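Reviewing the structure listed below.
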Amino acid sequence: MSEPESNDPLSLERPRGTDWPEILAIDARAFALPKPLPGDEMIEFRNRAGEGDTVVIRDTASDGQPIVAVSLYFPVPVTVPGGGIATTAGLSWVSVSATHRRRGLLRRMLTEQYRTWRAHDLPFATLTASEGGIYERFGFGPAAFSHQIRVEPPAADFRTPAPADSRVRYGNQEQIAKHVPAVHARWAAGRTGAITRPDTWWPSIMADRSFRRNSQTSGLHYLLHADGYAAYRIDARDKTALVGDFVAATPQAHTDLWRVLTGLDLVSAVKASIPVDDPLPLKLRNARAVEVQGRSDELWLSILDVVKALELRTYAAPGDLVLDIADGFGDRGGRYRLTVADDGTATAARTDDDAHLAIDIAALSSLYLGGITVRQMAAAGRIDGADDDVALLGAMLAVDVAPFSGTFF
């Protein structure tokens, strides 16, 4: 780890074992939480963080030498176009105390984390951002998006008739623990942008702890289907069903689960986050029944190893292009030749050849999963090159299904 200057009281270091209650208090303060995570949740998160790395910055000149900044990462498996699963550095719990802003602490932490990621030969870093204007300067770009929807059950008239016997059942704890992780892994393997949740995540995800809800919100209810599941709560204040987790590995599971959710008794509305290309509106006789109340960037991506990343995914069209990549943060800048064969596989390498297109690393990271098109990025002025070359890159990077993560971390 790089050492601070000798006269710098802000010390970049790994946390001590006794630091974690303070780290959780910092996290609660930074993200406007009512209180820190309870002890059992802290232990589970420490175990998750222990699989990656954590750095803190301590103010050694202040009484008690308080921690004033935190950043950690852990392994996050993400599905890329073509179905491959890449282990990414999942950046999380990043915060700088309000008392120590504008002193370069975030850059110091992420510079150290970046060195670690590169040393571990990771192809990407990922994150879910609480604010949208922070991470682009470090090479991250929004890569997957979601729609926040509201459906009023009386308006949810499905085009297909309901089956005589529902294929959906409520699950008990034993059934949930056996079924949910397995079907989620099956779904994630086939959905670009999806996170395959490691085994160590599931106890925290499935535990129905009181701090995750207020006094007016019910516990979790799990609907199980052979090819999917849905977890929801009821907000007693307005009788709204809040869907927190929804997975359907087949179109039939998607229909069956949504039919039950929109048929809940005494529920005024169902709210959920869904992929931007979710077919639910098209399954209803009145597509307007699915009211899109918002669109959010869901998963942010930063390509760490350009060659490895470009070769990991498959492509929709053959082609040969030289990309001139700008990187104002790390060591990824330079020219790279991307060659895609007729079967969609690719080779990539650094080159001194003239570039067809110029793009920065954050923009390329946003394009990687297909959540933003090359045409959109070019229209925003973030790709420089001839129209034919822009069109070729767009054809190469095209995807059939919008990327969707489904997991916040």
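The backbone N, Cα and C atoms fix where each Cβ goes, and this holds for glycine too.
Feature annotation from TrEMBL assigns domain 'N-acetyltransferase' to 10-163.
Counting every protein chain shown, the Cβ of Glu131 (acetyl-CoA binding site) has 6 other Cβ atoms within 10 Å. Residues annotated as acetyl-CoA binding site in TrEMBL: Val94, Ser95, Val96, Arg102, Arg103, Gly104, Leu105, Leu106, Arg107, Ser130, Glu131.
The Cβ of Tyr135 (active site, proton donor) lies under 8 Å from the Cβ of Leu127, Ala129, Trp300, Ser302, each on the same chain and at least six residues away in sequence. The active site, proton donor annotation in TrEMBL covers Tyr135.
The Cβ of Phe409 (active site, proton acceptor) lies under 8 Å from the Cβ of Val76, Gly90, Ser92, Leu127, Thr128, Ile195, each of these being in the same chain and 6 or more residues away along the sequence. The active site, proton acceptor annotation in TrEMBL covers Phe409.
Of all the binding-site residues listed here (Arg103, Arg107), it is Arg107 whose C-beta has the fewest other C-beta atoms within 10 angstroms. Cβ neighbours within 10 Å of Val96 (acetyl-CoA binding site), excluding its own Cβ and spanning all shown chains: 21. Looking at the residues that bind acetyl-CoA per the record, Val94, Ser95, Val96, Arg102, Arg103, Gly104, Leu105, Leu106, Arg107, Ser130, Glu131, the two CA atoms farthest apart are separated by 20 Å.
DSSP assigns Arg107 (acetyl-CoA binding site) to a helix. The DSSP secondary structure for Val94 (acetyl-CoA binding site) is strand.
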